[in-house]
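Comments concern the structure below.
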Amino acid sequence: MPFPMEVLQASSLSFPLLRRHSRNNLINKFRNPTLPRIDIPRQNIDLKTFAATTPTVACPPSDPEIIPEKKEDKFDWYENWYPVATVCDLDKRRPHGRKVIGIDVVVWWDRKENAWKVFDDTCPHRLAPLSEGRIDQWGRLQCVYHGWCFDGVGACKFIPQAPHDGPPVETSKKACVKGVYPSCVRNGIVWFWPNSDPKYKDIYLTNKPHYIPELDDPSFTCTTITREVPYGYEILAENLMDPSHVPYAHYGILELEKVKESSKRDREGGHEMEISVGTIDVNGFSAKHVSADYYFVPPYVYYGRITPNAATKTKDATLPVVPEEKTAMIVFYCIPVTPGYSRLIYAGARNFAVQIDRFVPRWITHMSHNLIFDSDLFLLHVEEQKLKDLDWHKSCYIPTKADGQVVAFRRWLNKYGGTQVDWRNNFTPALPPTPSREQLFDRYWSHTAECSSCSVACKRLNALEIGLQAMSLVFVAMAAAVSAPATRYSMVAMAVLSFLASKWLSHFIHKTFYNHGYDHAFV
Ligand code: FES
Ligand SMILES: [Fe+2]
């Protein structure tokens, strides 16, 4: 699902501004093996620094990587912040359950401390999920099985069954929530540190989630979407780093760059791609493709900064002057959930065409985003099933440089990440069986139910559908009551129109919020 509509808009709006020869110069620049250094943006240097960024032209590997023996070169999956949810999709009035890197967590708003808290989603009494509970009138997290209540540090504050004059059993350490994770909000996302050891209590002071300033910049508009997908973190990450599948898997719904009809070799317009990838180390890698810089910051962030007008910033007076720096950001947070399942939080930001973004309701933009997810969902699910017992490097044939970032990611995973997400023996290596196609393409539980915009729109449109059906009945009754033939005919016509509108709306609601499906053959 990479590069949603913002990129399409960035490309289509900006590239026509470049003269043909300047575009060619730009492309030639990226073909040159003496490429300039790709710099990680200054504002991020304090968070993650790449050891070396001298780019090399991507070359598909033929040899499997050797796992390093140096301990410091091993990536620790549990020494990192993980995104839990976007703040705009969380309701402060209720707890929310999420699974992240195999850990069930409950995220809830502690109004005493004005902070989102992330706990292990397990009640210490008899292990019921706290995420099914509620926030009581004193702002405590209440387990709804037997009513035990917990404060923002996980201490038990109330056991309804304890006798008034008995020992204060709620003060026992055993009554506390076992896992209270460090949490924070950054870039509009609630994050948690997946280790509740007290030594990490103040981890935020020394180690913060990767920050992307454009997402908080008021001159940018930012839109986010979260979607659960039925394939694992590894497949999700490599898919996002793969621009060459876009003209095919997302044909007709997403276009990365305009390709002249005369230079197309097929209807879809796939073409040679020069992607240069910097040095890969334990902290990830950077890459460059046409007018965009991409960064992989393990384990969760992959993002691109696209500045299509950068090529015109030159002293050459013969070239058009484009004073405004148009920048589009595409940010993907790839979250491991369980083997075979992952969650993507996408954030798109841009500092142009912002009026359109402010005008269009979020749930409308989610229609196109979800369609992009749907269009390669089945391909990726099946790919993962086929790869489960195979070595990626040996099984896949990677002859072109278009797969440069995918190869880089697999190299990083092989060399530093232990070849896959570290599930800490919580799961068997086997992938879950393939669910029915209907379940695979489910949109309701994978998105709508937890999206604050789509869930409201879905409820309102369902109410409108019922209203249209009621109107249809009212018109039928009115047609029966009136005697004038002309009035009767118009009432019948209105009844039919209302009925047809309700039918169309029902179909629209199903496709938009419940299940769209996707058929590539007739796109
Ligand atoms: S299981 Fe939570 S109160 Fe009993
Ligand atoms: Fe949505």
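Every residue gets a Cβ built from N, Cα and C, even glycine.
Summarising the annotation, Swiss-Prot assigns transit peptide to 1-50. Summarising the annotation, Swiss-Prot assigns domain 'Rieske' to 81-192 and lists sequence analysis as the type of evidence. Per Swiss-Prot, the feature [2Fe-2S] cluster binding site maps to Cys123, His125, Cys143, His146. What Swiss-Prot lists as site 'Plays a role in the stabilization of the metal coordination' is Asn239, and the listing cites similarity to another entry. Taken from Swiss-Prot, the feature transmembrane segment applies to 466-486, 489-509, supported by sequence analysis.
On the structure: features taken from Swiss-Prot.
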residue	record	Cβ within 10 Å
Cys123	[2Fe-2S] cluster binding site	26
His125	[2Fe-2S] cluster binding site	16
Cys143	[2Fe-2S] cluster binding site	26
His146	[2Fe-2S] cluster binding site	13
Asn239	site 'Plays a role in the stabilization of the metal coordination'	23
His146 ([2Fe-2S] cluster binding site): secondary structure state under DSSP, collapsed to three categories: coil
Mean predicted confidence [pLDDT] for the domain 'Rieske' (81-192): 97
8 Å Cβ shell about Cys123, His125, Cys143, His146 centroid, [2Fe-2S] cluster site members excluded: Pro124, Arg126, Ala128, Leu130, Tyr145, Gly147, Trp148
Mapped DSSP class for Asn239 (site 'Plays a role in the stabilization of the metal coordination'), helix or strand or coil: helix
Number of helical, extended and coil residues in the domain 'Rieske' (81-192), per DSSP: 12 helix, 43 strand, 57 coil
